[in-house]
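Asker: Below: one structure in structure tokens.
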């Protein structure tokens, strides 16, 4: 449906699960209309980095002022510099009817969810959970302690999952990519969104 | 995800929208695992029709008894015969982890929704609504009365839409089919379903 507001797609999951690889593959899909969420940072631009393309570069003073004014969907400090997702750029892109993808670790995603609950939160699950499953199902080849440790790790991951709308297993990058695209297609077809579109159209009679 | 309970997909929409054509195309997709919802009827089998494949054939007495026992997701009487969707077959198929497609007119779909709210309700929208939109947007070529009549028809369709989960425009059969398949893929990735799967797996420790 045209003229519709875009969707904020949050791709997240545990460290090492392959978020960056799946994100890259999503942008390599032909015909993709996904926009990249541009972060703001206080670190210096590296050679070739362009303001407003790779990052929005700013000063620490300005960044702190923006934090005080709630101008970030999420932010964090790493090694003396600030990084954050500016609401203004996200809002502008959504208003233009474009979907925007934010790839982010779990803690950041939970911050985004508080600030922007209408986002679509996708948890990328590691295939090792499935391996664990297979091991548990076949049984007996691992020590009881090792199985217990893995179960605990899986349980921690499950707790993080509960804040998300969808779980996509990253078994193969192409499959994960197809699943994320199916979610985006499907979300655009939700009756609440489409019927508002028809209603707006009819009200414009 | 394996071992998961199947989904009941209800494909519905106004008369003439092309439900049958889209349903047929869905079953012609390669690799489809969709099952067809088999209706029960009191009419006599036609040449070549097989009980349990085309229909479940039964007597009026038995059918009425089943109505009294709430054994249908929906039922209706046409030209002296009864037609209905038996819950038992649907339940059995879902338990086997297979998705089942029910193609049905709007009144029937609303009955199914009462009996089985966890179904996925897809409203197939006619492209004529879009044509109407174009006419309204370009304006002035139609009489005011005609525009008003069409607007009223569109508003009645909108009211029916509100009971559904998704709206798929049937502009081209292949596109509509792709959208329905994206919805089915996406619904299987919903966190509620997948995390239950993981939890069952972990509880089986």
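The backbone N, Cα and C atoms fix where each Cβ goes, glycine too.
Sequence annotations record features per position, and here TrEMBL assigns domain 'Guanylate kinase-like' to A:6-185. The ATP binding site feature in TrEMBL is assigned to A:13, A:14, A:15, A:16, A:17, A:18, A:19, A:20.
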Asker: Taking the domain 'Guanylate kinase-like' (A:6-185) alone, what is its mean pLDDT?
Answerer: 87
Asker: Return the residues near residue A:15 (ATP binding site), defined as same-chain residues 6+ apart in sequence whose C-beta is under 8 angstroms from its C-beta, sorted by sequence, else 'none'.
Answerer: A:105
Asker: Should residue A:20 (ATP binding site) be counted as helix, strand, or coil on the basis of DSSP?
Answerer: helix
Asker: Please identify, from the binding-site residues A:14, A:18, A:20, the residue with the sparsest Cβ neighbourhood, meaning fewest other Cβ atoms within 10 angstroms.
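Answerer: Selected from the binding-site residues A:14, A:18, A:20 on minimum Cβ neighbours within 10 Å: A:20.
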Asker: Near residue A:13 (ATP binding site), how many other Cβ atoms are within 10 Å of its Cβ?
Answerer: 26
Asker: Give the number of CB atoms, excluding that of residue A:19 (ATP binding site) itself, located within 10 Å of its CB.
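Answerer: By my count, 20.
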